[in-house]
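*Asks:* I have a structure I would like to understand better, so I am pasting it below and will then ask my questions one at a time.
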């Protein structure tokens, strides 16, 4: 995961200091990209320990089309707690947009199912896109989508994915985003009979919060270790039929966790 370490270093060395919505302040850069060949291992940051359960359960929650934290809480995941209202609702966030994008005539578009069908029937398409950025709904979301658009591509029997992330909390959020979309690519590949190819992570505003700088410096003193491998239940292929227990990561031997506050 030298790519991730290089992004941390780039921000610390070249980042511009700015105020932000949270009041904490950031230093950041604009327009960066990382690439991960999924045949080389599961891209899970090793210079600090990540909570794998949160990554997997959140992705399954997105794919359910869910926007209430009850499912997350039932599965021991608390990463969305700060943004939920008293009923656990988050408004029309990722799951709603992925699975039930509202149309002007009162119907809904299941973008994930549409892309699945299109990959199977028209793999050369350049329209294999899912967007979570819905201007009509943004003001009703507890947190507008940071990872807001992704595109699939089929080449030589391999499924590739590129994510555009408009806003990237590089210390806390990005390690989760890398692993989440890498796993989504693998799940989509399984569902469409393809091999996982490359995950490309493209950033708009990539930043470190000012209260994460010491943690980032500490992380840069650590040498990345070998990537783990992720095993998926060989009996499963339905994209919407997975459960947390269907996944197992082997060979994950990271450096210790680094604690840092969340900017809300």
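Including glycine, each Cβ sits where the backbone N, Cα and C put it.
Sequence annotations record features per position, and here Swiss-Prot assigns active site, nucleophile to 146 based on sequence analysis. Under the heading dUMP binding site, Swiss-Prot lists 21, 126, 127, 166, 167, 168, 169, 177, 207, 208, 209. Among the features that Swiss-Prot reports, (6R)-5,10-methylene-5,6,7,8-tetrahydrofolate binding site is placed at 51, 169, 263.
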*Asks:* For the binding-site residues 21, 51, 207, which Cβ has the most other Cβ atoms within 10 Å, all shown protein chains included?
*Replies:* 207
*Asks:* Give me the CA-CA distance between residue 209 (dUMP binding site) and residue 51 ((6R)-5,10-methylene-5,6,7,8-tetrahydrofolate binding site), in Å, as a whole number.
*Replies:* 21
*Asks:* List the same-chain residues at least 6 positions away in sequence whose Cβ sits under 8 Å from the Cβ of residue 169 (dUMP binding site), in sequence order, or say none.
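*Replies:* Listed in sequence order: 146, 207, 209, 263.
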*Asks:* In whole Å, could you give the widest CA to CA gap in the (6R)-5,10-methylene-5,6,7,8-tetrahydrofolate site formed by 51, 169, 263?
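*Replies:* Between the outermost Cα atoms of 51, 169, 263, the distance is 18 Å.
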*Asks:* Rounded to an integer, what is the Cα-Cα distance in Å between residue 51 ((6R)-5,10-methylene-5,6,7,8-tetrahydrofolate binding site) and residue 21 (dUMP binding site)?
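*Replies:* About 27 Å separate the Cα atoms of these two residues.
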*Asks:* What is the biggest Cα to Cα gap, in Å, among 21, 126, 127, 166, 167, 168, 169, 177, 207, 208, 209, the residues listed as binding dUMP?
*Replies:* 36
*Asks:* Specify the count of other C-beta atoms within 10 Å of the C-beta of residue 167 (dUMP binding site).
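*Replies:* Neighbour count, Cβ to Cβ under the 10 Å cut-off: 20.
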